[in-house]
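Single-structure report; data block below.
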Amino acid sequence: MSLVHLLLFAGLVIAASSSSPGSRLILREISDQKDKAVELNTTNFDSVLKDTPAKYAVVEFFAHWCPACRNYKPHYEKVARLFNGPDAIHPGIVLMTRVDCAMKTNTKLCDKFSVSHYPMLFWGPPTKFVSGSWEPKKDKSEILVIDDGRTAERLLNWINKQIGSSYGLDDQKFKNEHALSNLTDYNQISQAVYDVEEATAEAFDIILAHKAIKSSETSASFIRFIQLLAAHHLSRRCRKGAAEILVNYDDLCPSGNCSYEKSGGNDTLGNFPICGKDVPRGYYMFCRGSKNDTRGFSCGLWVLMHSLSVRIEDGESHFAFTTICDFVNNFFMCDECRLHFNDMCLSVKTPFKKARDFVLWVWSTHNKVNERLLKDEASLGTGDPKFPKIIWPPKELCPLCYLSSNQKSIEWDHEHVYKFLKNYYGPKLVSLYKEKSVSRSKEETVSATEDLTVATNALVVPIGAALAIAIASCAFGALACYWRTQQKNRKPRRR
């Protein structure tokens, strides 16, 4: 083939590629693999904005054929790098998103926001975008047009003015206000609701990855822990996911032999994401450390245990205690941590009769762990320099918790400690859910409020008897009804 023919052939290939919408889409997807801005469309627009933990959202309406949009994209991505994804510098504050109005499927969505030019940027609380719209003549709207964001610097300055921050494009990971924020900030705990979901999903994934349910003992331990989550997890989606695992457990793990691989059906544990398909997200917020290998998962697990402890009733206290002890002993993969925790469990000689006793035991155990790790990390230099282990709670958060203290010991007022823990890991922990629910529809507000609802009498039940815990958890009525229906429908298949 001559050089002329080769050039003609290459030209035809290029022409065909440029004229094919499918080819353009493929090329755009390849080039966007590392994009930080979240691509939204008419299908996922509401769900993504409704579920984001971020307090604010930026939505860019653009057209992929628009030269100005292509030139603006690097500027937008510089800002998105600060806020989006697992490597975000300031995660959980602003969600940066994009909608391609050149795609026919997005036409109605773009029309709802009266998009008059490209690119056009909007700002507001994420929930205000959900099933929302924008009209240029409307005087009062919580959705604002960003009128000064033509460069990355100007866009970030505009955002800084809105939220009273001083973020910079040169901010580096873990060298930021978010990581340096004082743990004594009472309002920080509201972000931990997402970290509890993250830690729950990560713990479940670790069990799947290690195929850790290997005996009747580990199977029983797993079931009891999932029962505890189904009744008392602070996240409704985690409670729902745990309930679905319970209902299907006999089929997923016949005789304790579980199938772990993820497939297209619902016949393996891997196909039941315990906190929903969007969790884990890949990053932590309240539990974010100043180094990649600090805090995170272990911090999230502690918040989970504290949040469970304040949600149980007196009759469940010892069941919750033995369930958590067995779970750590069977499924926590840090061997030294597991052994130390098990020793503290074995030191309890008398069964707990009051929920208060269990709340204080979790708190005391956490402080003992922190004391030990503080010494180890100081000698080895492995601690988090920005978040050193401390005795909890500090005086700044609960001065009444301290009767007296010196460098060697602290005399605690256990009644005030208990009241502090009940509030801090109870109503305070779900405050963000309550705040976000204000702007939602009635149905969504009810769902958000359910995150405050816990069981009042969840008891130990045999393996496979998910119905029993549903009946026992009287305050968890919706879940009980769901379980009863599922178990009733399953009976004919067991004949």
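Positions of Cβ are set from backbone N, Cα and C atoms, glycine also.
Swiss-Prot lists 1-15 with the feature signal peptide. Under the heading domain 'Thioredoxin', Swiss-Prot lists 29-164, citing sequence analysis as support. The N-linked glycosylation site annotation in Swiss-Prot covers Asn41, Asn182, Asn257, Asn266, Asn292, and the record cites sequence analysis as its basis. Look at Swiss-Prot and you will find Cys66-Cys69, Cys287-Cys299, Cys334-Cys337, Cys398-Cys401 tagged as disulfide bond, backed by sequence analysis. Marked as active site, nucleophile by Swiss-Prot: Cys66, Cys69. According to Swiss-Prot, the feature domain 'ERV/ALR sulfhydryl oxidase' maps to 290-392. The FAD binding site annotation in Swiss-Prot covers Arg295, Trp302, His306, Glu336, His340, 363-370, Lys389, Trp392 and is backed by similarity to another entry.
Sorting the recorded positions Asn41, Ser364, Asn370 by the number of other Cβ atoms within 10 Å puts Asn370 first. Under the DSSP three-state reduction, Asn370 (FAD binding site) is assigned to helix. In this structure, the binding-site residues His306, Lys368 were compared by how many other Cβ atoms lie within 10 Å of their Cβ, and the smallest count belongs to Lys368. Rounded to a whole value, the Cα-Cα separation of Asn266 (N-linked glycosylation site) and Lys368 (FAD binding site) is 42 Å. All protein chains shown were included, and the count of other CB atoms within 10 Å of the CB of Cys299 (disulfide bond) stands at 20. Trp392 (FAD binding site) is 10 Å away from Cys401 (disulfide bond) when you measure Cα to Cα. On the backbone, the CA of Ser364 (FAD binding site) and the CA of Cys398 (disulfide bond) stand 16 Å apart.
Across the domain 'ERV/ALR sulfhydryl oxidase' (290-392), the model assigns an average pLDDT of 89.
In this structure the alpha carbons, written CA, of Cys337 (disulfide bond) and Asn370 (FAD binding site) are 11 Å apart. Spacing of Cys334 (disulfide bond) relative to Trp392 (FAD binding site) is 23 Å (Cα to Cα, whole number). Across the structure, Lys368 (FAD binding site) and Asn41 (N-linked glycosylation site) place their CA atoms 49 angstrom apart. Shown in sequence order, Phe62, Ala63, Tyr118, Pro119 are the residues of the chain, 6+ apart in sequence, with a C-beta less than 8 angstroms from the C-beta of Cys69 (disulfide bond). Comparing CA positions across the disulfide-bonded residues Cys287, Cys299, Cys398, the one lying closest to Asn370 (FAD binding site) turns out to be Cys299.
It is 41 Å from the Cα atom of Trp392 (FAD binding site) to that of Asn257 (N-linked glycosylation site).
By neighbour count, meaning other C-beta atoms within 10 Å, the densest spot among the disulfide-bonded residues Cys66, Cys287, Cys337 is Cys287.
Remark: of the binding-site residues Arg295, His340, the most isolated position is His340 (fewest other Cβ atoms within 10 Å of its Cβ).
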